[in-house]
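Some notes on the structure that comes next.
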Amino acid sequence: PPLIRCLFYARTRSTFAALPPLTNMATPAAAAASTMQPSPAAHKEQPPSGDKGAAAKKPPLNLANKPGEPAFQLKLDPSTDIVLTWTKGVSSHVDMKITNTTTDPQSYKVKCTDNNIFRVRPPLGFVDPGQTQTIKIFQHSMSLPEANRHFFALYHKKCTAEDVKKQPRLVWSSGVKPDGVVRLLAVFSSTATPSISGAIPDEKTEGSKMDAVKEVRETKKDDKKEDKKDEKK
């Protein structure tokens, strides 16, 4: 009947009117995609866990004398840092002068932290009272060495006139205690103009190669023996 058809039409129309517009409805795929979109805050890079910003600066080396080590009594120039100029593929060296300000002959010994980077010529020697000995320190590192890591240790010991006639390494036999100790930091500069530069010494300019090897080996042996004694103590 016409009345029933009118009522059915009116009810159907009211039901569709209550539904939201089609433009506001999202398909299941679109809804899933919207949930996967990160928020603006998520685009901001987050620091790694435990990162407190910039890396902490490495503390300076403690180059003070160890307990029981006597102070260095001779004059050094330079007396603080050993500044070495570094340029890739170019070796360089600086002069360090040691002056005997005492009234007795002195024997000295110089050690470095890495024989693959440094050469010291001569590493052992004698200095008469009032005299000055020039020591050449070479560097030939292929890459800029790490800062605040390397240093040179210098030792001296009072000698007699008979000791001066011997080879310096014989004076520094195992168990000999120095009369003075000092450690100087090695500082590398890639911008400063080197005061002196040149090739690494060879047997023609700085004595025989075998003597240099023997000195390095004996120095290492002395170091090992001293370390063992310290461990026993």
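Cβ atoms are placed via backbone N, Cα and C, with glycine included.
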From 30-72, 116-158, the residue range that TrEMBL assigns the feature region 'Disordered':
30-72
Determine the mean pLDDT over the domain 'MSP' (73-190), rounding to the nearest whole number.
95
